[in-house]
Each structure stands twice: as structure tokens, then as C-alpha cells.
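Q: Feature list, courtesy of TrEMBL:
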type	residues	note
TRANSMEM	22-43	transmembrane segment
TRANSMEM	73-93	transmembrane segment
TRANSMEM	126-148	transmembrane segment
TRANSMEM	179-199	transmembrane segment
TRANSMEM	220-241	transmembrane segment
TRANSMEM	261-278	transmembrane segment
TRANSMEM	285-303	transmembrane segment
DOMAIN	332-437	domain 'FAD-binding FR-type'
TRANSMEM	553-578	transmembrane segment
TRANSMEM	598-617	transmembrane segment
Amino acid sequence: MDAQVVKSSSPPSHVGIHVMRAAIRLLAVFVVFLGSLFVWFMMPTNTYSQIWRLQIRQKTNSSTYLGSEGSNIVMFTFPILFLALLGCVFLHLGKKLNDYKVESSSNGTKNRFAVWKKPMLVKGPLGIVSGIELAFFIMFIALLIWSFSTYLHNSFANITPKSAAKNHEKIWESKLDSAALRLGLVGNICLAFLFFPVARGSSILALFGLTSEGSIKYHIWLGHLVMLLFTAHGVCYVIYWAATGQISEMVQWDKTGISNIAGELSLLFGLIMWATAIPRIRRKIFELFFYTHYLYILFMIFFILHVGMSYSCMMLPGFYLFLVDRFLRFLQSGTRARLICSRVLPCEALELNFAKSPGLKYNPTSVMFINVPSISKMQWHPFTVTSNSSLEPEKISIVIKAEGSWTKKLYQMVSTPSPTDRIEVAVEGPYGPDSTHFLRHDTLVMVSGGSGITPFISIIREFLLMSTALKCRVPKVVLICAFKSSLDLTMLDLILPMSSTSIDMSNLELQIEAYVTRETEPKTDGSKPLRAIWFKPLATDAPISPILGKNHWLCLALIIASSFIMFLILIGIITRYYIYPIDHNSNAIFANWLRSVLNMLAICAAIASTASAVVFWNKKKNAMQNKQIQNMEGPAPMGTPESLFYNADRELESLPQQSLAQATNVHYGGRPDLKKMIFEFKGSSVGVLVSGPKKLRHEVATICSSGLVENVHFESISFSW
């Protein structure tokens, strides 16, 4: 069968929205984004440095309000923030499209494009990389090589024996000085992109169909490049100073020029983060990696003090958007979430169920970060959301497997014979894809190992909703899951929500192939049954609500635009009435580091004030709506066990549970033959998702990229933070 379109024709308003979204994406990608890349491409050339930059500075740097930063704000900061605003409008319009529109999988263009989404690299140092990712990675490396080689060519052309002798240097020393500077310039290109992937609610990532979780690998790649180039930059300068007898430059803090000490401190903090981010250290001593990564604050502060605010405008947009996102997360985590109940499994896993406002919507495979202060006030851990925002409008669930020290402590708190009445939990998120495209396949094969099954629970629940409430034809769903022991099979019980008695599974073609790898036969030696534990939240514990309300993207656009305008006003006032009377735009009198500090304070004040105002306004609005809902519901207010769930014993005997058991085949003593199973599925399009250990992900990616069959399409979705 071809993937079905839920609504055969869109209403006129939806047609207009599609046109507007297409126009916005065209403007954003082909004008703003590519235009910004073109500027980065031209920066090393003489055309830019001797013609364009001089003309722009003549028009901007003479201003008594922005000073020397004016040209770089116009060239580098404003276009990317404008791109973020376009992304917000694009995504807000997308929320108005409530129909599930799926294009036919037989479309030739889509099939040709799908080839580029297949894994091209699997086991290399970059991990699993699709054709599109590899192409962009190669182009980015080419940009770095082009920039460095052009910088060197143009600078070396001006280095002669005469010019070197004038500075009391040898030619190679002058060239080393020039090369060291250019390494820093190229490193700043990487730094300019470094923070985009870690802004979890980024409109720019969503505009390009990316999520922060799926983009973490780009942050890792960029982090390695940044530290490699900045380390080479620092080492070359140390060698240069030692060779020319200027080793005292290492302790130089120039009032109006480059502050070398600040650069060395920034590099030191970066090296500490780089060392603890080594995969082996990150896996074995995660806490060390987690805590040392907070040094990014000092890294960025001293970087700005090192190069000055004018040059920092080149990397400012990505960091600015990250600061907005980080402050919104800080505001959301200040409220304690209303934890209602938990399902405890004998396989040392538990499902936490939180109350949520009906207005909170999210897509399958979304991720939520939680913090339990009684375990650690600093540590935040991501978990996949397993509930469906429409199927379960008043609750949101996550599943946690006790595998690390933090999760084991949480499991012990909940699973003790007499658990605590309340667990204090702070929440950030949920964060996830702006849209999902699983419907475009005829068959969806989901391969998981251990706790990797959790993201697939949300997808199955999404299909349950679509096949029942929306009466939509959905793909055949095949879940291939591998577990170590029979106890782990209880993870399958979490596929259905606690209030599952009203769910009809008859319209969903579901096949579950479960493999128990370390046992040859079922074991029923008195294992503990699944049990539900109810908590008693405080009145101050609030349902999880959208931090910026229903019009999230418009509110985010308002924060970005208003905070940036406020920053320009603040720094304009400071420059006009404090800096300019002293310096008169000469950049030779007023301390460079103090100018940078004032700019940083202005940015923080602008973001904090505007974001706080929008969040508190939405918080007040959410409180009023929640109160109205509680008054309408009568004696069983939203967030109580009676209003959310059915009795757990009744659920275990329900018809949906029987249907789930009938759809499940359990195999003992072996692993699935994934290659044989995946290639056996028929249809014009077979989508394959994988979640679990690294070895499993590589195996599935290798199978899908083999080219032996054309109907298999590997979905490049990462489920591991």
C-alpha cells in the first residue's frame, strides 16, 4: 500500500499556510543562511578586507551609539537572529496544520532524496553518518581549509626579509606569528556554530528538520575542531614568543588590545572540558564530564575578554540563542513538577507519571530532562517521553532503567516496600521533533536493545491514537526487541498506558518479536509483579506546562527580538554617554576588557528581563486555565489518581493487554537475524529505526546501507544523548 493522506484536500486556509511556510523557508535558507555562509567564505579574501569591510565600517563605525561593534553586528549577528525569527514564524504556522499529511512513498523525487539519507559511514570516528551529513561535513572542512589557506596566502605575500628585519624577526618567525593568528580566526568559524546544536528549543534546528538530541554529534565534531585549532593557535604563539625573546607576552593584559592572559585562561578551561569529554572518560566517570562542562561559562567569558566584543560578534548569534534557551530552561526548572504515580517493574525499571496541562503538546520520540535534588542538585538526565500528548492529555510519562548510579538511587527510592509519599522533581522540556514522518512508510521496523525500547513506546502510542480516534490507516509496525533476561520482558507492559482499558488495538497491525538472549527457557521463579505506587504531591507542585504557552514559537520570537533590541538600546546608551566621551571611537583609550564586560552585562540583562516577563505572563495564564479546568471537573481535580488512571489490577486483565500478548512472540537463547528479518519485509517503503547499544546501531545501519534492497530506508534519528 502507499502511505495514505489523511485528508484528501486541504482547506483554503491550509493552502495559504503551506505557501507562506514555503516562502519563509525559501527566504531563510537561500537568502539569509546561504548569504551568511557567503560572507564567511569571502572573509579571508582581499575583496572583503580591503573593500567591503572598509565601506561597511565607514557607514557604521562612525556611529556614537554602537561604535566599533556596529559593522560586525550588521554583518554577523543580525542575519542569524533574523533567521531564528523566521524559524519561529515558520514553526508557528506549522502548528496550525492539524491534519496528518503524508506524501506517497512512491514519489520518485522522495526516493532519490532518500538515498542521501542512508548511512554512508558507520564505524568510523564520526559514528553513523548519512550522505547529507557527510556532504555538509566535507563542505565545512573545505570552508576551513579555504579560509586558512587564503588567509596565509594573503598574509605571507606581505612578509618580506625587509619587513621581518624591521620587526627584528626572521622570516619564519613572522610567518609563524601570522599563521598562529590565522589559526585563531579559523577556529572562530567553528566556535560560531558550536552552540547551535545544544540549544534544545532552537527554532533554527527545527527549521532545518533537526532536533538538539539528533544534533549533539555535530556539537561534538565542532568541539573537537574548536579545541584543535585553538590549541594550535596557543602553542604557535608560545613558540613564537619563546623564539623572539618575548615570553613575557604570556602574562600581558593589554588595556586596549588583545589580552593574552584571558586567552590562555580560556584555552585552559577548554582543554579541561576537552579532556573530560573523551568517550572513555565520559562513559565511566560521567559526573566528572558533566560538572567540568560547566566551565563553558568561564571559557566564553575569557574568550570575549581575550578578543574583545567587536570580534566576538562573529560567534555571538549562536551563543546568544543558547543563552535565551538556557535561561528559559532555568525558569522552567524553578517549579517543582507534580509527580502522581509510578509503575515499578521487576526488571529494575520504572515509569514516572507526571500531571501535565492539556495544552502541552509534543511529538513521539521527545525527550524530557529531570532533576531529583535529593539525589543530586546539579545533575540533569534525559529520558524519552513514552506517553502521547493527545491519547493521554493530562499526564506525561517517562521510563527509567536502573543502569547507572543516579538511576539506581532513584529506583531504590521508588521501589522500597514503604516508598516516600513525595519525590521532589524538577523538569526541563519536553523537547522533540517539530513533526514526524513515520506514516510515509508501508512498514515501520523498530529494532531495540534493552532500555532502547522506550522511544518506540511513544511511536506505538501515536499509531494507537491515529488508528482509533483519527480513523487513519497507519503502517504495519514491527518491533524487534532484544533483552538479557525474562524479567526484562516486563518492559513490554509499558507499551500501553496505565488507563488502557478504553484503547482499541484492532486497527493497528502490530507484531512484536522479543528475544531473550541469556536464557534458553522462560523463568517464573517467583518474580515480583508490576506494581503501581501513588504519591501525594504538594499543592505547590504544578502540572508540567509549556513554558511559553500554546503560542510557544511566537513568544520565543518575541523574546529574541525584544531582548536584542533592548541590548542594542542599552549598549547604545552606554556607548554614547559613557564610552564615546572618553574614547571618541578611537579604540585607544577606553579599556577593551571593560567594554566587553559592559556588553556581556547588557546581553544578560536584556535576555533575563524579557524572557522573565514573557514566562511569568504565561505562567499566570496557565494557572488561571488550570484552575478553571479543576472547577469544571468537580470533585476529582486534574492531577489526582482518580482523574487520571484506572486500577492497575483491572488494567492487567484488560482486552488491550490480551491483544498485546497475542501480538508478541518470545524467542529464547538467541539473537535476532536482523539482516534476514529486515530484507523479508515487502512494500515500496520499509522504514527502519534503531535504538540501543552502539554495536546494535552500527549493525542495523550497515544492513540498511548495504544496497541489497531498495525499499529499506534507515531513519537517522538519534535516541542517545
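Using N, Cα and C of the backbone, Cβ positions are placed for all residues, glycine too.
Heads up, TrEMBL stuff is auto-annotated, nobody curated it.
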Q: Give the residue counts of the domain 'FAD-binding FR-type' (332-437) per reduced DSSP state, in the order helix, strand, coil.
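A: For the domain 'FAD-binding FR-type' (332-437), the helix, strand and coil counts are 13 helix, 40 strand, 53 coil.
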Q: State the non-local partners of the transmembrane segment (22-43) in its own chain: residues 6+ outside its ends, Cβ under 8 Å from one of its Cβ atoms.
A: 49, 52, 75-76, 79-80, 82-83, 86-87, 89-90, 93, 143, 146-147, 189, 192, 207-208
Q: Given a Cβ distance threshold of under 8 angstroms, which distant residues of the chain, six or more beyond its ends, lie next to the transmembrane segment (285-303)?
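A: That would be 191, 262-263, 265-266, 269-270, 272-273, 276-277, 312, 319, 378-379, 404, 600.
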Q: I need to check the long-range neighbours of the transmembrane segment (598-617): which residues 6 or more away from its ends have a CB within less than 8 Å of a CB in the stretch?
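A: Same-chain residues near the transmembrane segment (598-617) but 6 or more away: 69, 301, 304, 309, 312, 320, 323-324, 327-328, 331-332, 547-548, 555, 558-559, 562-564, 566-567, 570-571, 574, 579.
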Q: Quick one: mean pLDDT on the domain 'FAD-binding FR-type' (332-437)?
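A: Average per-residue pLDDT within the domain 'FAD-binding FR-type' (332-437): 90.
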Q: When you check the transmembrane segment (73-93) against the transmembrane segment (261-278), do you get at least 3 Cβ pairs under 8 Å, counting only pairs 6 or more apart in sequence?
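A: Contact between the transmembrane segment (261-278) and the transmembrane segment (73-93): absent, because fewer than 3 Cβ pairs are under 8 Å.
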Q: Between the transmembrane segment (179-199) and the transmembrane segment (261-278), are there three or more C-beta pairs closer than 8 Å, counting only pairs 6 or more apart along the chain?
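A: As far as Cβ distances go (cut-off 8 Å, pairs 6 or more apart), the transmembrane segment (179-199) and the transmembrane segment (261-278) do not touch.
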Q: Within the same chain, where does the transmembrane segment (261-278) have neighbours whose Cβ lies under 8 angstroms from its own Cβ atoms, ignoring anything closer than 6 residues to its ends? I mean 6 or more beyond.
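A: Same-chain contacts beyond the flanks: 220, 223-224, 226-227, 230-231, 234, 250-253, 285, 288-289, 292-293, 295-296, 298-303, 305-307, 593.
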